[in-house]
Amino acid sequence: RRGQRVINSCLEGDEDLEFLLTGGELVKIRSRTWKKNRFYKLQEDCKTLWHESKKTFMRDQTFTIDDIESVRKGRQSEGLKKHTDPNMEELCFSIFFKGRKKNLDLMAASGDEASRWVRALEKIINNMRNLNRQQKREHWIINCMRKADKNADNQMNLKELKHFLRQINVEVDDTYAEEIFKKCDTSNSGSLEGAEIKHFYDLLTHREEIDVIYKQYALAEGQMSARDLLNFLLNEQREEATPEDAYTLIEKYEVDEIAKQKKQMTKDGFLMYLHHDDGSILNPAHKPVYQDMSQPLNHYYISSSHNTYLMEDQVKGPSSTEAYIRALMKSCRCVELDCWDGDSGEPVIYHGYTMTSKVRFKDVIQAIKEYAFKTSDYPVILSLENHCSVEQQKLMAHHMISILGDALLTRPLGNTMPTNFPSPEELKGKFIIKGKRLNKLNAIFSNNSIIDEDTVSEEDEAADVKENGQKKTKMKLAKQLSDIVIYCKSVHFHGFEHARDNQDFYEMSSFKESKAFSLADTSATAFIHHNMDKLSRIYPAGSRTNSSNYNPVPMWNVGCQIVALNFQTPSKEMHLNQGRFLPNGFCGYVLKPEFQRSPSSQFDPGSLIKGPWLKRQTFHVMVISAQQLPKLNKDKAKSIVDPLVRVEIHGVPADNASKETHYIDNNGFNPMWNENFSFNIYVPELALVRFVVEDYDSTSQNDLIGQYCLPLTSVQKGYRHVPLLTKRGDVICSAGLFVHLMLIDAE
């Protein structure tokens, strides 16, 4: 039960927790005809959900609380909408998983019972997410101990100890394993139990590198006084700290009450501090929205998705409302809707001229309405790629107006014709439609707008189609759809000069990646100035049928705002996108540097001419150690990782660099490198830092263990813990890197 106490100390005796531990019968739903009763319960570790399986060749199934992305009440999944009747709404709920694991559609016996399951699961999920890293480490180790205790007698013999060490990714030779075992087996009983297991645990989790740092500063009877802690904050962490800051940290993190009363910090309290936000690499002041959100919309990078409806590839993958929900929950603020005539008279969304499945336009708008503002209040742009007949365009407009209601922007803010974009702050909670418009925006403020429908030329957003040898076509546009295009009117790009002389601020172009990269190479400064008063959208080439991504960094370097990526594809490019939008409340909007907003700027990312952007710095990184790296090959009991760490800088061409440590044989539990790197940085405001941990393989490509990316301007100096994320961007609960960082201005 120790695992339960660690994870659920704040839930001890909680009714909802007891409800889950007792478990109950639910109906699992896969189709109209496949609906089976299954028993579900939370296991004693309070981290694993168990359910029976009736398949003879399968054991009973389990999944961990960590695997769950969200629990949603009602008929929220496509499966439940399809396979259950609307009058079952109150009985249904779905469990959605991280990654590509299929969601679990369930039905309870009553609405109250369904609510109870959802409430209880959400409570335990939130409790798990709110644990600090130290508690997660403890829980992870204890969970591995439980798995190693094969006969469940709460004791650990030598064989089980060896199995446990492999579970936690440590290769230990028999002699060393026996040595640890003997040291802890003070009762000479041949097995460890009670206090002996605690001793073993303490030996195992001992952090030598933390000892060294702590001893250097703990000058008050072997403990850190508030003054010692202040010296550490000033000298090592390079913080502008005061004695009050030191007292606050002791109050916040010290676990020993006597030490707390003496205004001292024990080693355990120090470790606790290092594992929390204050000791993290990401500056805690940058975690909430901290930037000025009252600038015009085009002064921000905007987190943007391409072909948002796809779950997988561009040729035969499924289209789904779930893909929109996932993108929006990752604070994506510009989603794409590829709209075609549906057979039943209702417009549908899919990747035209391919075998990708279709999803109703109306269902997508409903899903967007429900999930758009759950993680960010800032505006969402709906980028329409419209291939529909006039009749179905009218339906599209009707659905958006009726479903989105007042949240849909149907006219400019204010009572006069605007000359610039409103700000994200002014547009909070609003939907902006990007698409074709039949006339200029100022027609709204005059009474001579009598157009009903007309033809417009398709621009290069239909490039995927034209690449297949089809010519540009003229299409008819319904007035109802045209009228709700306000700040994002799609127009063809004829060059920067033409745009400056002929385009209004709200008229924007979309660029295929090859065109955009070519312009960035040949006309960077002109591109930057174009983006100072207009929006630009970049999208992947149609040839990327596997939904791969291009590097977004060169596009941000020239001030492009809507740099659309395939969110459904876990990749280095998506890691960079996640890093770019990690600070500022992860709200999907990041203010561009001043030199990308000022009309007098002559910034060119490819040249290092002097200007306010040139702030030469040396970035020193010491990769010290890692903790509890996950096993990659879980099927092989004896498979242990050989980790190495790579530090990458992504920014202007002069700043791009990559350096890596040597690999360490057979130790994923507590590998230690103590390797130093230095990087010359020229334009820090555009630089991203990415940490990559890989499993070295001499015969094939290294496997990714974990990664983390953030802007250089959000990095905290000194001794810091770096969390690690999976390839898909989910936090690996117990794993992390320990580093020392310095940024020194060049003379």
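Backbone N, Cα and C define each Cβ position, glycine as well.
Taken straight from TrEMBL:
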BINDING   28-55, K434, K436, S510, R537  substrate binding site
CARBOHYD  S187  O-linked glycosylation site
ACT_SITE  H306  active site
ACT_SITE  H351  active site
DOMAIN    481-597  domain 'PI-PLC Y-box'
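Among the listed recorded positions, namely T48, S187, the Cβ with the most fellow Cβ atoms inside 10 Å is that of T48. Look at the Cβ of each of the binding-site residues R32, K434 and count the other Cβ atoms within 10 Å; the largest number goes with K434.
Cα-Cα distance from E52 (substrate binding site) to H351 (active site): 39 Å (rounded to the nearest whole number). For Y40 (substrate binding site), the number of other Cβ atoms no farther than 10 Å from its own Cβ, over all displayed protein chains, is 19. The Cβ of K28 (substrate binding site) lies under 8 Å from the Cβ of K35, K36, N37, R38, H51, L104, D105, L106, each of which sits 6+ residues away along the same chain. Counting in whole angstrom, S187 (O-linked glycosylation site) lies 33 from T48 (substrate binding site) by their C-alpha atoms. For the domain 'PI-PLC Y-box' (481-597), the number of residues in each DSSP class (helix H, G, I; strand E, B; coil) is 50 helix, 23 strand, 44 coil. Separation of the C-alpha atoms of Y40 (substrate binding site) and H306 (active site): 38 Å, rounded to the nearest whole number. The Cβ of K36 has fewer other Cβ atoms within 10 Å than any other of the recorded positions K36, H306, H351. A 10 Å cutoff on Cβ-Cβ distances gives E52 (substrate binding site) a total of 14 other Cβ atoms nearby, all chains included.
Here the domain 'PI-PLC Y-box' (481-597) returns a mean pLDDT of 95 for the predicted model. Separation of the C-alpha atoms of H306 (active site) and H351 (active site): 11 Å, rounded to the nearest whole number.
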